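Colleague: According to TrEMBL:
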- 101-118: transmembrane segment (TRANSMEM)
- 124-145: transmembrane segment (TRANSMEM)
- 152-171: transmembrane segment (TRANSMEM)
- 234-305: domain 'PAS' (DOMAIN)
- 306-360: domain 'PAC' (DOMAIN)
- 348-378: coiled coil (COILED)
- 378-598: domain 'Histidine kinase' (DOMAIN)
- 621-736: domain 'Response regulatory' (DOMAIN)
- ASP670: 4-aspartylphosphate (MOD_RES)
Amino acid sequence: MVVDLHEIERELTDFDVRNSPAGLFERYARARVSRFLRRQVLTVLGAVAVALLVSPLAGVFAGLLVILGDGLDCMFLAAVPRRLAQGVDCNRLRRVSALTAGLHALTISAGVAIAWIATPEHPAVAVALALLLAAATNAGLALPFNRPAGQVQLAIFAVTAPVLFAASAVLHPAAQASILTDASSALVMGFVCLAFTRQAWQNRIRHLTRNRALICQRTDLVRANRQLEDSQTELRYLALVAEHANDSVILSGRDGRIRWINDAFTRITGYQLSEARGKTPAELLNAPETSQRVSDGIAQAVAEGRPHRTQILNATKDGRQIWVGTNLVPVQDENGEVELVIAIERDITDIKAREAELARAKERAEQSEAAKAQFLAAMSHEIRTPMNGIIGMADLLAEADLDRENRLYAETIRQSGEALLTIINDILDFSKLSAGKPATHSVVFPLRQVVDGVVTLLRPQARAKGLNIDVIADPALPVHVLGDDGRLRQILLNIAGNAVKFTHAGGVTLSLSSSSVEDGHRLCIAVCDTGIGIAPDRLDHVFEEFAQADAATTREYGGTGLGLSISRLLAREMSGDITVASTQGAGSCFTVTVVVGQIVEDPPQRRQTSFGPPEALAGRTVLVAEDNRTNQLLLRKYLKGQKLTLHFAENGRQAVELVAAHDPDIVLMDMAMPVMDGLAATRLIRRTRRDRPKIIALTANAFASDKATCLEAGMDGFLTKPVRKSDLLRVLARVAPGHT
């Protein structure tokens, strides 16, 4: 028979409720009311006895008196269950019931007294004592259910007998001998009643205790059976899962030797249970290439009884090598000792293969990126080197005494070279930013000076087209900020330059404002024009690389289509962005936001570098290490008129030899030369000469990393090709010995 756990628990709860003080009191009340008529049988018999021994009137009076007391008690007790259900305090009701029970006891004592005092004859006294003893016994049996009522009744009955004996002795002096005998008998009967009541009470307590213990045992047994059934069900499910799982499951003893394997283990490794039992997983599965460190780690975890997760190379029965991810879980007995070790293993060979492929792909991507960077550096060098000659010679021609037409030719050559140089710079910048390489360097700079400088550069072009170019600045704009002034200038030149380029009437306005952010300012620069605007279907593409509004725009206005892409990447590098709003035919508004640092102190004064008069180079010896004849000629022309001694070397080794021979003050060192490059030559020179000569790098590589490499090699300056005459003279004057 299946016993429901909830039913047995409910039985225990009901038992406790029935035998609680409130439950016992309710049972007492119900029993007293239900047995009212049964008790009256004894009352009637007692009344008849009194009628026969004393008088009919006395019997009727005594009987009615007892029935009245019992009736009043039952009237109150009949309402007890309802009042308990209403939440009336149980103790309060018990105190009231003690009063009604006491009233009932007094009526019984009065009825007994009528028979007792009316006649001193022994039969009447015996009947009275019997009735009193019966009432006392009934009160004693009620003590476990309603102690206050029972105690009151017993107290009244205990007082009634001595009082009646004393009254009899006073009223009937001649019957003192029989009264003494009856008193002795009453005393004995009282002790018997007390013993009986106590025994009944103890028996009831033992009965209740035993019954509750039995119910508790049944509850514990049912609960244990339920847990056992649940455990058996769970074990059956786990066994089915382990048996049919896709992962291998291995059960090993505390000695690490296999006791059981599932079907997946056999399917993956090829070993049957009979072949695996009694061996350790290492003995069965380790390959020659298996890591001893990993294998020892597993053995140590088993010995220490702690969980362990790892990956290990295994060998199957047919010799294949597989990677498995294993998870060891120790099972401990009641003493905390390892009883069993469960190993769950998963074949991760495919995952390892994909990881290896990803690693190879990453390596190929890095190699490709390195090749790309090397290619760009090479292209930069190969293009900038001839551009150095083209732009430099064009500068020299422009300085010569030429007529207007020939000067126009020279200017055209120079402008075309600079346009090509701009394209090269755009490509290099875009490549660096797309690769996620840092492209900004923060310095303290005056904000309006940068913006005004951009406007100054663009104003001649705007004036030539009849355009206005204006700046509207918020008065609360910070004066000095911390950021990359060069990159901000580049962004504004791109955006404002485009505005001037694509505007034919009206003008361009730059509106500057700022707002506070944590530790700085968010600058907002809106560049609005009255130009040709952008078609709605092209707005989403203007920031794409190599993209312009359309092919006709490219043909009419030129450009690489990289300017806006680079500008947005730079703005985002500076924690900002660029957005655009445009109406075709009415103009566009590009909004640049960047975050700059806040300056809490006066910015440091920039050191004013004096390029010095021509006499700063007078008497100096300059060695030019350059293998390109055109660049040699250009540098010779740039330095013509300077009172200095000039030597030329065509490779790095020759440069080292000429430094030893002529002890020059300054060396202009090209980076890419035959026999020995400029870096190697510089390092050789610096081995013996720490401070002299001053070495200036001449390089066609425009990357910041190239500049850092040159400075680390021991160079003192850096010039990027194409070299302009003004830049060359400024750097020479700065590094000339004795110049400050």
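We number each residue from 1, going along the chain as drawn.
Note that Cβ sites are derived from N, Cα and C of the backbone, with glycine treated the same way.
Structural setting of the listed features?
Modeller: Using a Cβ-Cβ cut-off under 8 Å and counting only residues 6 or more beyond its ends in the same chain, the transmembrane segment (101-118) has close neighbours at 46-47, 49-50, 53-55, 58, 61-63, 65-66, 68-70, 72-73, 124-125, 127-128, 131-132, 135, 139, 146, 149-150, 152-153, 156-157, 160, 164, 167-168, 171.
Only residues 6 or more beyond the boundaries of the transmembrane segment (124-145), in the same chain, are considered here, and those with a CB under 8 A from a CB of the stretch are 24-25, 27-28, 31, 42, 46, 49-50, 53-54, 101, 105, 108-109, 111-113, 115-116, 118, 151, 153-154, 157-158, 160-161, 164, 168, 178-179, 182, 185-186, 189-190, 193-194, 196-197, 200-201, 204-205.
Looking at the domain 'PAS' (234-305) alone, the prediction's average pLDDT is 83.
Shown for the domain 'PAC' (306-360): DSSP residue counts in helix, strand and coil, namely 12 helix, 30 strand, 13 coil.
Shown for the domain 'Response regulatory' (621-736): DSSP residue counts in helix, strand and coil, namely 53 helix, 26 strand, 37 coil.
Within the same chain, residues at least 6 positions away in sequence whose Cβ sits under 8 Å from that of ASP670 (4-aspartylphosphate) are ALA625, GLU626, ASP627, ASN628, ASN631, GLY678, LEU698, THR699.
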Colleague: Under the DSSP assignment, what numbers of helix, strand and coil residues are found in the domain 'PAS' (234-305)?
Modeller: 40 helix, 10 strand, 22 coil
